[in-house]
Amino acid sequence: MKRNAARAAVAYIEPQTIVGVGTGSTVNHFIDALAEIKDQIAGAVSSSEQSTARLKALGIPVLDLNSISGFGVYVDGADEINAAKQMIKGGGAALTREKIVAAVAKTFICIVDSTKQVEVLGKFPLPVEVIPMASSYVSRELAKLGGKPVVREGVVTDNGNLIIDVRGLHISEPLALEQQINNIVGVVTNGIFAARAADLVLVGSAEGTQVLR
Ligand SMILES: O=C(CO)[C@H](O)[C@H](O)COP(=O)(O)O
């Protein structure tokens, strides 16, 4: 199902353009498909060391985001997505770089299998990237919002930070909560993608792919 969604995303890549690449098992299928047309693209910008390694191993040049002024399509997965195309992301701990690359892109294409579709975000624990010295303080602040924060064991992000996973949130107003959590001192970013929701969703199933505009 993930592969169907990932392969469908290739049709949205314009020839000789730079492609934004997310992180995760669904995106790995996309990178593999992208490698088949690598001579027809101008390179990639990547959201993690993991994706960068896979892109380079398959011969796709990876560009520094600071060396370009913009690009067209960003393709990434999600842990949950609602009908408004707002997402929870960061299961792979790459949320901050994903949010940065998504912010620069003109179009965000989200590739998911149908199990990721939800009515209300929050069943998947919300990842929050924090500066290490702030993890206890931020955890206390997140608990005040009604969640159960737990520092993800053994994980250091590509930016040298920690991830706090917050269980038990019923996220009925994603945009407001995204901003509220980002305002806690010590938070780098959180995994609610509402200010920058997806533009297009490709939902893979065993039968094929559904396009949600
Ligand atoms: O946000 C992410 C990584 O930080 C991923 O997009 C998300 O976790 C989905 O992963 P997968 O495609 O493996 O189910």
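Positions of Cβ are set from backbone N, Cα and C atoms, glycine also.
Any TrEMBL annotation is an automated prediction that lacks curation.
These numbers come from a predicted model, not from an experiment.
Lys116 is the residue from Lys116, Lys123, Lys144, Lys148 that TrEMBL records in the substrate site together with Thr23, Gly24, Ser25, Thr26, Asp76, Gly77, Ala78, Asp79, Lys89, Gly90, Gly91, Gly92. Distance from the CA of Glu98 (active site, proton acceptor) to the CA of Gly91 (substrate binding site) is 12 Å.
For Ser25 (substrate binding site), the same-chain residues 6+ apart in sequence whose C-beta sits under 8 angstroms from its C-beta are Lys2, Gly77. With the fewest other Cβ atoms inside 10 Å of its Cβ, the least crowded of the recorded positions Asp76, Glu98 in this structure is Asp76.
In sequence order, Gly22, Val27, Ala94 are the same-chain residues whose CB sits within 8 A of the CB centroid of Thr23, Gly24, Ser25, Thr26, Asp76, Gly77, Ala78, Asp79, Lys89, Gly90, Gly91, Gly92, Lys116, the residues recorded for substrate being left out.
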